[in-house]
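J.: Dropping a structure here in structure tokens format, bear with me for questions.
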Amino acid sequence: MVKLIESKEAFQEALAAAGDKLVVVDFSATWCGPCKMIKPFFHSLCDKYSNVVFLEVDVDDCQDVAADCEVKCMPTFQFYKKGQKVGEFSGANKEKLEASITEYA
């Protein structure tokens, strides 16, 4: 299941709770066409990769989280291990998203 992050505190708690697991964060917006396009694929990945934590951040609802993470465009996918960012890319690229998960997991 993809967890919707609604505050900076919830984001920090989710990263901490993940422990050694890979955390994939989808920074998106409701008005963003490419975000809508890749969202079903992103959600399907949580079934395929049960050992990975999937988070979703709406940049309009959580502007502080997006700013802290230096998100400049949507969609942006960031990858965290043990609370530290290990990777990032922007764009609705399904192949790159899945390849990044297998690389960092």
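Note that Cβ sites are derived from N, Cα and C of the backbone, with glycine treated the same way.
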J.: Of the residues C32, C46, which one does Swiss-Prot pair with C35 through a disulfide?
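T.: Looking through C32, C46, the record in Swiss-Prot gives C32 as the partner of C35.
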J.: Tell me the residue counts in helix, strand and coil for the domain 'Thioredoxin' (2-105), as DSSP assigns them.
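T.: The domain 'Thioredoxin' (2-105) comes out at 43 helix, 30 strand, 31 coil.
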J.: Identify which of the recorded positions C35, C73 has its Cβ surrounded by the largest number of other Cβ atoms within 10 Å, counting every protein chain shown.
T.: C35
J.: Give the distance between the Cα atoms of G33 (site 'Contributes to redox potential value') and K39 (N6-acetyllysine), rounded to the nearest whole Å.
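T.: Pair distance, Cα basis, whole Å: 10 Å.
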J.: For a quick check of understanding: among the recorded positions C32, C62, C69, which residue's Cβ has the most other Cβ atoms within 10 Å?
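T.: Counting every other Cβ within 10 Å of each candidate, the maximum falls on C62.
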J.: If you draw a 10 Å sphere around the Cβ of P34 (site 'Contributes to redox potential value'), how many other Cβ atoms fall inside it, taking every protein chain shown into account?
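T.: Summing over all protein chains shown, P34 (site 'Contributes to redox potential value') has 15 other Cβ atoms within 10 Å.
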